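K.L.:
Can you keep this structure in mind? I'll have questions shortly.
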Amino acid sequence: MAIKVLVVDDSSFFRRRVSEIINSESRLEVIDVAVNGKEAVEKAARLKPDVITMDIEMPVMDGISAVREIMANNPVPILMFSSLTHDGAKATLDALDAGALDFLPKKFEDIARNRDEAVTLLQQRVLSIASKKMFLRRPAAPRPAPTTSIAASSSLSQERAAATSPLGNRPSTAVSAATRFKASGKKYQLTAIGTSTGGPVALQKILTKLPVNYPHPIVLIQHMPATFTAAFASRLNSLCKIEVKEAEDGDMLRPGVAYLAPGGKQMMLDGRPGAARLRIIDGGDRMNYKPCVDVTFGSAAKIFGDKVLSMILTGMGADGREGARMLKQAGATIWAQDEESCVVYGMPQAVAKAGISTEDLPLERIAERMLVEVGLA
């Protein structure tokens, strides 16, 4: 039986185009369309689609409000379409907060090399989230603007500053059932995390649980368009105790700071342990992903060797496998997110099947495991 899809967009051209692409895949069938969020909510309840594709900017009711309504009453996997603008990025992140599982730029040809690849990309994204009802969440409360209040920003800044002071009070790092995990005893100088589909929510779950005194730098590689990463880094920074920033060329790595690879570029490490810096380069057109997990992991292996704690989280494809292989050859630690907690079990499966990862962990316990491993729990 074909996967039933509801297409939601106020543009008749885009509804027709998306419907044609979806219907050209035999496993998918567009059962209806909706022209605004209110109509989408009604048809989601009545038609019970397996997947919804949803525009963000629509009359009557916008896509974010529609996602919240649908998740509260008739949860279904939702793929968002958004514009490649800063405001579009922020709105997309709001939609993911509300419960949408994945997103694509509305001009999805912009992240594909040709039309055939663009068609396949959309079809694969719909197929990948179709069976993921277990990941559907109750909607988050509407996010006020600005994301973080001045008082909250001040509080976070003071806490971060205290952590770098010899007199700073160490915050509580207690985690539930930490005794189930045992630290390996290895010493680390870098944490590296790579992810794709489902990554924004996964990274938020992990990073918000890390204390301000996390002992070494963190590099994050999330497949994301160029205009999205700054907004994503800003959002994470407003929610986390650690500092999170979009990486810039020449950044010196500092403990307790997470550096998010900028979209459309490659992030590499240069220098030596204790004095390492980031290099942000174009990387050429031969790479399938920009940023690419393999590129960052490979450079981390050369600089930090066995002093890297690395993780591959939910994502489509196999990016990260070869970089993780280089890390393993250097003696580093590689973990993978387990299948049950992945939105798409592609990237973690690739490292697990290759025998590269040493532990497969549920998303809810990765931060706990990290804290045990680095000696903070």
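Note that Cβ sites are derived from N, Cα and C of the backbone, with glycine treated the same way.
Pulled these from Swiss-Prot:
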- 4-121: domain 'Response regulatory' (DOMAIN)
- D55: 4-aspartylphosphate (MOD_RES)
- 138-170: region 'Disordered' (REGION)
- 146-157: compositional bias 'Low complexity' (COMPBIAS)
- 184-377: domain 'CheB-type methylesterase' (DOMAIN)
- S196: active site (ACT_SITE)
- H223: active site (ACT_SITE)
- D319: active site (ACT_SITE)
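For the listed features, I'd like the structural context: burial, neighbours, distances.
P.N.:
Taking Cβ-Cβ distances under 8 Å and a sequence gap of 6 or more within the same chain, the neighbours of D55 (4-aspartylphosphate) are V8, D9, D10, S11, F14, G63, M80, F81, K106. Following the DSSP three-state reduction, the secondary structure of D55 (4-aspartylphosphate) is strand.
Every protein chain shown contributes to the tally, and the Cβ of S196 (active site) ends up with 25 other Cβ atoms within 10 Å.
Around the Cβ of H223 (active site), the same chain contributes T195, S196, T197, G199, Y289, P291, G315, D319, each under 8 angstroms and 6 or more positions distant in sequence.
Classification of D319 (active site) by DSSP places it in coil, neither helical nor stranded.
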K.L.:
Helix, strand, coil residue numbers for the domain 'Response regulatory' (4-121) per DSSP?
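P.N.:
Reading the DSSP string over the domain 'Response regulatory' (4-121) gives 58 helix, 26 strand, 34 coil.
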K.L.:
Validating a neighbour-count step here. Other CB atoms within 10 A of the CB of D319 (active site): how many?
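P.N.:
I get 27 for this one.
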K.L.:
Determine, from DSSP, whether S196 (active site) sits in helix, strand or coil.
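P.N.:
Going by the DSSP assignment, S196 (active site) belongs to neither helix nor strand, so it counts as coil.
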K.L.:
Work out the three-state DSSP category of H223 (active site).
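P.N.:
In three-state terms, H223 (active site) counts as coil.
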